[in-house]
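**Student:** From Swiss-Prot, for reference:
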type     : residues                           : note
REGION   : 1-23                               : region 'Disordered'
BINDING  : G220, S221, S222, R223, T224, G225 : NAD(+) binding site
ACT_SITE : E243                               : active site
ACT_SITE : C277                               : active site
Amino acid sequence: MTHFIKGQWQAGKGHDVTSSNPANSEIIWRGQTATAEQVNAAVDAAREAQFDWFMLGFDGRLKIVEAYRSQLEANKAELAETIAQETGKPQWETATEVAAMIGKIGLSATAYNKRTGTEANDTPAGRAVLRHKPHGVVAVFGPYNFPGHLPNGHIVPALLAGNTVVFKPSELTPKVAELMVSLWEKAGLPAGVINLVQGEVDTGKALASHPQLDGLFFTGSSRTGHLLHQQYAGHPGKILALEMGGNNPLIIKGVADIKAAVHDILQSAYISSGQRCTCARRLYVEQGEQGDALVAKLVEAVKQIKVGPWNAQPQPFMGSMISEAAAKGMVAAQANLQNLGGVSLVELSHLQAGTGLVSPGLIDVTAVGELPDEEYFGPLLQLVRYSDFDQAIKLANQTRYGLSAGILADSRDDYEYFLARIRAGIVNWNKQITGASGAAPFGGVGASGNHRASAFYAADYCAYPVASVEADAVSLPASLSPGLSLE
C-alpha cells in the first residue's frame, strides 16, 4: 500500500506511478498518487494526534523514537539495499546513510535538550522559566539523493519536539519512504503522529498550500525552495525551513602532498555521483608548476574512478545517477560549458542508454568569461586556474549560493584569510567539502537556504520558546506603584 494515514496503509486515489532502479531500469515499486482529499485526511490525522503526542512528554516521545532506532538497527541491511536499488548508489555508500540515520537519534535528543530544553532561574521578579513548545503539524518534503537520512533529519527532531508530521518524499524514491514509515509503525508510534503521502507535483502543491500546516521543512532544489518561500510570504505564523543547493568552490593553495589533495578533490566532487548539495562544483588551482602537477595527477585519478551498478563487485566509487534524464542533463551541461569555451580534460559520458550511469567529467573553464552560476547536480567539476589568491576568493564568492566552500592549504594563515572572506555556511580546511558533522549545524546562506540551519540546529525550527515569570501564590509587592491605592 502506498500511503500511511491515521495509522492505516491505503492505496492512492490518484494516477499510477512507478519507481525504477536507475542502474538497469527495472521497476521496483508501483503505486498511485495521493489526491488532495487524501492529503487533507493526512493533515487532519496529524492535527488530531498532535496534542496527545505533545502531552506524552519528552521522555515518553524519546522512548518511541529510540524504539525506531532499534528498528533501523534490526532492518539496516534491507534499508541500505532498498536505498541502493532506488537511487543507484553503491551498497557501501547506502550502508553509511543508514548508519547516519541511526546516529541521528542520539544527536537529536542531545540537540533538543541543549537548544530547546527547559531552564529556570530565580529572579527578584519571580521565577523565570524558559520552555519550548512544538509548532503543531509540520510537512516534511524529502529529496532523492539521501532519501533516508535527510528527511530523517527533519522528522526525528520534529517528533521529539512534540510535532506531528506529514511526510511527502521525492517521487523518485517512494519505496525507501514506505519502508521508513513502516519502521515507525513497528516502533509503536501512535496513529496520526506520522503520515505518508506519495505523489508528484500536484500532491506536493496540495500539501504545501494546506491551510492547517504550522510549518514546512524542505530539502531540495533552489528553484522549488524559492517557490515555497514566495508561497509562504505573508504567513508569519508558519515556520519554513529550506535546505537547498550550492555552486560550491574549492581552492587549492600551496599543498605539498599532491596525492592527498587529489583524494580530497575526488571526495568533494564525485562522491554520490556528484549528487550531494555540498559537492564541489568549481575548483580553483594555482597557475605554475605545482598547479600543473596537481592537475595532471587529478586528470589521471578522475579517469581511474570506477563506475558501476549499485551491486557491482568489487564495489564502484560512483553508482548511477538518479535517472537517465539526470544523466542526459549532465551531458547537456558539459556541452554548454564547451560552447562557452571550456575545454574537457576528462569527458563526461553517458555510459549506457536507459540508465543513469555516467563517467565523471573535468572541464577547464578558465577561458570562460562569465561562468554560469548554476548548480550542475552531477559528477562534472569545473577547473579554473588562478594567479592571485584574492582573485581566487573573489571568483569563489561570485555565486548567489552559499552552502559549502573549502580550501586545501598547508598554511593556517591562508585558511584564516580565506575563512574571513568566503561566504558560506560550511567552510572546511584540508577536508573534503562534502564532509559535515551531525553535531554541528548544517545549512547555507543566499540561495542555499533561509537561515534555518538543520542537523544539530534542526531543534531550533522544530519548537518555539515560551518565556514565563512564575510565583507559587499571588502576593502584594513590598510597595505599590505611585498613584495606586488598594485601601
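Positions of Cβ are set from backbone N, Cα and C atoms, glycine also.
Tell me about the setting of these features in this model.
**Tutor:** Residues 29-35, 37-38, 41-42, 45, 48-49, 85-88, 171-175, 178, 181-182, 185, 190-192, 194-200, 202-203, 309-310, 319-324, 326, 355-357 of the same chain sit 6 or more residues outside the region 'Disordered' (1-23) yet have a Cβ under 8 Å from a Cβ within it.
The C-beta environment of T224 (NAD(+) binding site), restricted to residues of the same chain at least 6 apart in sequence and closer than 8 Å, consists of F218.
Neighbour density for E243 (active site): within 10 A of its CB lie 27 other CB atoms from the protein chains shown.
Cβ neighbours within 10 Å of C277 (active site), excluding its own Cβ and spanning all shown chains: 29. DSSP assigns C277 (active site) to coil, not to a helix or a strand.
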**Student:** Let me know the DSSP-derived helix, strand or coil state of E243 (active site), please.
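**Tutor:** DSSP assigns E243 (active site) to strand.
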**Student:** Taking 8 Å from the centroid of the Cβ atoms of G220, S221, S222, R223, T224, G225 as the cut-off, which other residues in that chain fall inside it around the NAD(+) site?
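**Tutor:** So the extra residues in range turn out to be F218, H226, L227, M244, G245.
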**Student:** Going by a 10 angstroms cut-off between Cβ atoms, which of the binding-site residues G220, S221, S222, R223, G225 has the sparsest surroundings?
**Tutor:** R223
**Student:** Whole-number answer please: how many Å between the C-alpha atoms of S221 (NAD(+) binding site) and E243 (active site)?
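**Tutor:** Answer for this pair: 8 Å between alpha carbons.
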**Student:** Would you kindly give the Cα-Cα distance separating C277 (active site) and S222 (NAD(+) binding site), rounded to the nearest Å?
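**Tutor:** S222 (NAD(+) binding site) and C277 (active site) have their Cα atoms 10 Å apart.
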**Student:** Fill in the CA-CA distance, R223 (NAD(+) binding site) to E243 (active site), as an integer in Å.
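**Tutor:** Pair distance, Cα basis, whole Å: 11 Å.
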